[in-house]
Amino acid sequence: VLCPGQGTRDHPPAQAALRDRLLSTVVSCFKRHGAAAIDTPVLELRETLMGKYGEDTKLIYELQDQGGELLALRYDLTVPFARYLAMNKVTNMKRYHVAKVYRRDNPATTRGRYREFYQCDFDIAGQFDPMIPDAECLKIVHEILSDLQLGDFVIKVNDRRILNGVLAACGVPESKLIPACSTVDKLDKVPWEEVRSEMVGEKGLSPEAADCIGEYVQLHGGLDLIERLLQDPKLSQNKLAKEGLGDMKLLFEYLTLFGITEKVSFDLSLARGLDYYTGVIFEAVLLHQENEHVEEPVSVGSVAGGGRYDGLVGMFDPKGRKVPCVGVSIGIERIFSILEQRLEASGEKLRTTETQVLVVTPQKHLLATRLKLISELWDAGIKAEMLYKKDPKLLKQLQYCEDTGIPLAAIVGEQELADGVVKLRDVATRQEVRM
C-alpha cells in the first residue's frame, strides 16, 4: 500500500478546509496586532540549528552532504528568524510566520504529534521598555484561544530568572541548573514525589536542596504571590530572582489593564524545555475537554507557548550584537485535532468548496447557453460551477447542489432564454426568482 512517510499525513479536502479556517483566525489576530509576514527556507545550514535546542538537538532532520554543504530541515521558526535578523542587521521587527517544520520525533499521531507539522509564530524583536511586548504576546494567546472557542484554558507564566534564582537559593550548583530545570518541567505530568526522586536519584541533588525546591515550585497564583516572594528572605538575596520577580509584577500590572488576569497563572514549576529562553516563559493549557462521546476527558496539554529569548540573535551575529526578542507559537496541530474531533462528534458537514452558484439547464441541447453564462459569472468574479455533461438531468444537477452545499442554482431553460431572464433558485428553501 502506498502511504506517506511515518509521522506525516495527507489532508483530504475536509481537513484542508478546516485547517484553512483555523489558520485564518490565527493570522487575522497576528495582523490585528500589526505584524508583517516573512518567509524563510525549509533548509538551513546544519550549524545554524545545532546547539540551539538543548536535549532536543537529536530530533533535527539532517540531510546528506550536498556538494560541500551540510544542511538540515528547520526544526522551528524561531532560530531561522534569529538568523534572518542577524544576517540582515535588523534590530526592530514585529513578524509572523506560518509554515511547516520538521522533527525526527517518535510520532504519537493520536495526540497530534507529527514529524512534519505547521507552526504559527508571532515575535517582537527590538529594544523596548520592559514587559510591554511580553504582555502583548500573552494578550494574543488569550485572543486566539477565545476566538477559537476551545473551552476553558489557563496561561501559565514564569521567568527563567526566577526559576534559576530559586534553584540557586536552594543550593543547586551552576552545572546542575539545566538538568534540574528539565526535571521541574515534568511537574505538570507527574506528582512531586516522582520529580523529587528523579532530582535526588538521577540528577544528584541533595535531599535538602530537593525539598527546598519543592517548597517553591508547587506554588502558583497572581500578584499576591509575586508580592509574597519579593519579601521572601531566601529569594530577595538572589539578584536574578529579584529581577525576575520585579518584571513579573510589572507584567501582571499590564495584564490587569488588558483584563485577562483571570486566565493567567504565575506558576513556578513552568520551565519549558528549550535552552534559548532568557526571561519570561509561558504556556497555554486547555482544561479538560467536555466531550460526552469520550469516556474520559482528554487533556491535550499545551496549545501555545513562548517566551523571551534575548541572546539568540547575538549567537548569529559576527560581532555578537544582541537583539532582544519575545514571541509566541500557537500549537496549531493540537488545536486542529481537537476541532476535528468536535466536528466528527457534531456530525456537521464542513463545506470543502466556496462555490456560490451552479449553472443549471433543465432541457437538452443547452450546453452552449451554460458555457456562455458560466463564463460571464467567472469574469464577474462569482464562484460558479456546472456539471461536465452535455445534457445532465435537472434532478442530478439540483442533487449536486445539495451534496456540496452550493446555495444557489441559476436555471436557464428554453422559456428563460425566450424571455431573456435567468431563474435563480435558493436550494435550501426552493424559492425561485426571475432576474
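Just so it is clear, glycine is given a Cβ too, placed from its N, Cα and C backbone atoms.
Look at TrEMBL and you will find Asp76, Leu77, Thr78, Arg103, Gln119, Asp123, Arg272, Tyr276, Tyr277 tagged as L-histidine binding site. Of all Cβ atoms in the shown protein chains, 25 besides its own fall within 10 Å of the Cβ of Thr78 (L-histidine binding site).
When pLDDT is averaged over the domain 'Aminoacyl-transfer RNA synthetases class-II family profile' (18-362), the result is 90. What TrEMBL records for 18-362 is domain 'Aminoacyl-transfer RNA synthetases class-II family profile'.
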For Arg272 (L-histidine binding site), list the number of other Cβ atoms lying within 10 Å of its Cβ atom.
21
Need one number for the L-histidine-binding residues Asp76, Leu77, Thr78, Arg103, Gln119, Asp123, Arg272, Tyr276, Tyr277: the maximum pairwise CA distance in Å, whole number please.
21
